[in-house]
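A.B. asks: Sending over a structure as structure tokens; questions will come in a sec.
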Amino acid sequence: MSALFARVVAHRLFWPVVMLLVLFTINLIAFPGFFTVTIRDGHLFGSLIDILRNGAPTLIIAIGMTLVIATRGIDLSVGAVCAISGAVACSIILGSPTPGSLSTVAVAVTVAMLIALVLGMWNGFLVAVVGVQPIIATLILMTAGRGIAMLITEGQILTVNSPPFKFLGSGFWFGIPIAVIIAAVVFAVAALVTRRTALGMFIESVGINPEASRQAGVRARGLLFVVYTFSAFCAAIAGLILTANTAAADANNTGLFIELDAILAVVIGGTSLAGGRYSLVGTLVGALVIQTLVTTVYTVGIPPIATMVFKAAVVTAVCLLQSPTTAEALRGFRQRLAIRAGKGVAAS
Amino acid sequence: MKKLIGIAAAGAMLVALAGCANGAGEASGPKPLDELVVGFSQVGSESGWRTANTKDIQAAFEEAGIELKFSDAQQKQENQIKAIRSYIQQQVDVIAFSPVVETGWDAVLNEAKAAGIPVVLTDRAVDSKDDSLYESFLGSDFVVEGEKAGAWALAEFADATEPVEIIQLEGTTGAAPAIDRAEGFAEVIAENPNLQVVASQTGDFTRAGGKQVTEALLKSNPGVDLIYAHNDDMGLGAIEAIEAAGLVPGVDIKILTIDAVKDGMQALADGKINYIVECSPLLGKQLVEIVEQINAGETPEKRIITEEGEFNQEQAIEALPDRQY
């Protein structure tokens, strides 16, 4: 029994899951109807659904980020790519004579995705071919990208009146939010492609030791290229969802700081920034923790001035609990407890 | 007109001469307008309002033939401080800026003062004990806007016998409009104890923020009667959240906002927003006047308030066709 407990505690997802449950409990105390999910207007409605729906863009980006981080890289440009894809899609829809038609939206979404793929290849080119450090390579697009998005929107917030586009952000399919379905598909595809084939192992090997994996015959260059392109692809999907959510492209704010949330989700999920082993399930939990944190702030009514401090405290707690040093200390503490308990039994 | 400028210039020269006589030696006399350089640091372009503000200022300076150096701080104070420092280095004639947040400006404004460059605040104020750090503050009185919004809420719910639950969507935490609009509103509605703000969260002045906050707050406060948003964009986000919850915005839950940008006015005309207090972004002309005054060696008024109105649904329908922003 205690051996099982020790194994559960030692699992790298133990503390993130505990934190998620703690946040759920706090919400439940502040607002007893937190777990209630009802059907309203033919779709699911409730706080949990909101968390899933609003967390979907962060999760999608975090999935791409997980693979990038597994190669010992990082992609800071995802927020800017979000803004660009939203801006491109909205300006195409606005420029078309039939903004409400499905084909217009299909064209807009396709073009936005293609542009994002090119941007991802640019990142991949800088990292894999030119050999620029990932943090610098993607910083270029992070800084320039918002400028590009601003140029596309001419500094305006582009409001579109297009039901099919809006559907992408706030629509439902069989009662489930479209954004959640898209996130689930991206997650499933990433998990299948990297875990059912050797691709995931190659990614990890490049992250652990690029030179050794090259000598073992892993083509690191092509792999990095693919990983950064996939990350931009994920960012574009998230950007389209975020933009469709309010039916407005806001070059300044769409996906602002989302790269940090995504990196945080990956780290909370137990994937090391030093590359190597990664966990997509961990990233999923990480993204849920972050979004639940946001919702908790609203439900509990934490004053806006204290919000940042609250978030920082929670994130610090998760990271500290997860760290190997803390795990070591906890193990020692438990052993001492067990010894003391053993002595107690012997004495009586 | 030429004559007028001539007279003004002559007058300013006298002032400048007097200045020299006093040994202060700070004003070097008025420059011709086409030699003037003004550095302007904008908050960002977070909303339609801000974009209209930017365009109006750029247009006004172009018309006056004054060179305007423009920079966008993208909502970050550090960007704005950098921009102001670079303007000081370039030795522009006047620096104008809309501070992102209220505090933390003393150091950089002292640098401007030491360099002898006058500073004009537009639209938002700074919280500093030393008001000699800037020449003039041109902009709306956000407290008054909050009071106007509060007055509408008082009248709208004057007959309410039960508590009226209000959700407040605040602007960016620490920003002057967010602080003042909350303050003015709270002061006025205190008159009727039935009006209660049950929840107040920041939506960062954006649609996405307004939507997400409203979604969460609607669930924990299902009995809400009124949403008071510090700008139109958050109100527009709230509309989306209310519709997603299967309720009718403007009917089941009333919405009261500040700004009156085009998208907001459209929603008001459609009956989704119930009332908008205007906060006019068109202050380019007044800013040019202040710059000309400073150039002429005159002292502009310390506080200049922009002219603004209020709109209900009929007035919005009437005003909508002429709305530029």
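Heads up, the Cβ atoms here are built off N, Cα and C, so glycines get one too.
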A.B. asks: Pick from A:76-94, A:304-322: which stretch is listed in TrEMBL under transmembrane segment?
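C.D. replies: Of the candidate stretches, TrEMBL labels A:76-94 as transmembrane segment.
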A.B. asks: Under 8 Å for C-beta pairs, could you tell me which stretch among A:12-31, A:76-94, A:100-119, A:126-152, A:172-193 has the largest tally with the transmembrane segment (A:256-274)?
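C.D. replies: Against the transmembrane segment (A:256-274), the leading stretch is A:76-94.
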A.B. asks: For the transmembrane segment (A:223-244) against the transmembrane segment (A:12-31), do we get 3 or more Cβ-Cβ pairs below 8 Å once near-sequence pairs (under 6 apart) are dropped?
C.D. replies: no
A.B. asks: Output the single range from A:12-31, A:100-119, A:126-152, A:172-193, A:281-302 maximising the number of Cβ pairs under 8 Å to the transmembrane segment (A:76-94).
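C.D. replies: When the Cβ pairs under 8 Å are tallied, A:126-152 comes out ahead.
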A.B. asks: Report the listed stretch (A:51-69, A:100-119, A:126-152) having the maximum count of Cβ pairs within less than 8 Å of the transmembrane segment (A:281-302).
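C.D. replies: Selected stretch: A:51-69, with the most Cβ pairs under 8 Å.
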A.B. asks: May I ask which of the stretches A:12-31, A:100-119, A:126-152, A:172-193 has the most CB pairs under 8 A with the transmembrane segment (A:51-69)?
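C.D. replies: Answer is A:172-193, with the largest number of Cβ pairs below 8 Å.
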A.B. asks: Can you tell me which parts of the same chain pack against the transmembrane segment (A:12-31), counting only residues 6+ beyond its ends and a CB-CB cutoff under 8 A?
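C.D. replies: Answer is 47, 268-270, 279, 281-282, 285-286, 288-289, 292-293, 295-296, 299-301, 314, 317-318, 321-322.
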